[in-house]
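Q: Quick one: this structure, given as structure tokens, is what I'll be asking you about.
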């Protein structure tokens with residue numbers, strides 16, 4: 001049999017998921033959170049970075065930013081001087097005692113003022129016992145090793161670890177920032193896209209760049225063309241156009257037409273959480289009287305709370321439509 005030709009680096013990159021293919025490797029490539037990234041670039045130029053906790057929602061570049069910092073500080077020594085762990089998989093005390101401690105004890109030749117780096121992703125998933133053990137390890141090996149923790153909520157990190165770290169917070173990316181990156185990637189990949197298609201991806205991403213790129217790739221590979229219709233087929237969320245129509249019917253005090261749309265969404269198998277979350281997002285941007293919109297948002301919030309508490313029947317959503325119609329009647 002003829003030998004398979006050796007794959008070039010470009011061939012390998014073409015088969016990568018786009019979230020890896022377009023992952024930033026320099027600070028200037030990171031989208032959003034400019035002030036926080038600027039603080040980290042100061043650490044990079046000074047060389048002696050402290051222990052760091054970066055807290056923020058998923059898909060905003062927390063781990064990527066830490067990796068960029070490690071690359072600048074360590075250069076060619078990155079592979080042997082960086083330990084990356086996902087704490088949600090390896091959350092027990094044994095990981096700290098074995099993997100992290102052994103890595104901290106290893107001798108690696110680095111330039112003066114540089115340290116080995118332990119990157120802990122989803123650190124808020126670690127058990128309290130593991131965090132206590134980590135605190136001790138951070139203390140003992142502070143002269144040779146720095147720790148960078150990424151988490152969604154810093155409240156779940158124990159106080160002794162928080163007090164040993166510089167706390168940085170990332171916020172959700174704006175729709176404009178996500179859209180700009182999607183356009184850039186679509187041009188690189190030579191995709192056929194419509195404005196509505198990209199806006200649909202931005203709507204489903206909710207400020208999460210990772211989600212946005214995954215949805216873009218899934219739509220491109222599933223259908224080829226990036227249109228709103230194709231995006232919602234892939235992402236399978238309640239269509240915002242239907243929800244917008246439903247809210248307008250409520251604003252016009254027409255509960256029968258509004259309920260028809262709700263019943264259709266329920267029949268399609270969407271969960272109450274999906275329906276209520278998207279009703280809220282659509283209501284925020286819909287063009288209706290401002291005072292009425294505030295009343296609607298209040299009622300949607302109360303129903304959302306009930307659904308999260310577990311009362312997630314069609315009856316709750318139907319009651320919401322009735323309350324929205326009553327609110328509209330008063331205006």
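Each Cβ is built from the backbone N, Cα and C atoms, and glycine gets one as well.
According to Swiss-Prot, the protein carries these features:
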- 56, 57, 58, 59, 60, 61, 62, 63: ATP binding site (BINDING)
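Thinking about packing and proximity, how do these listed features fit into the structure?
A: For residue 57 (ATP binding site), the count of additional Cβ atoms within 10 Å of its Cβ stands at 15 [all protein chains shown]. Reduced to three states, the DSSP call for residue 57 (ATP binding site) is coil.
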Q: Would you list the other residues of this chain near ATP - those whose C-beta lies within 8 angstroms of the C-beta centroid of 56, 57, 58, 59, 60, 61, 62, 63 - in sequence order?
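A: Close Cβ neighbours, site residues excluded: 150, 170, 208, 209, 210.
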Q: Could you find out if DSSP has residue 62 (ATP binding site) as helix, strand or coil?
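A: It is helical.
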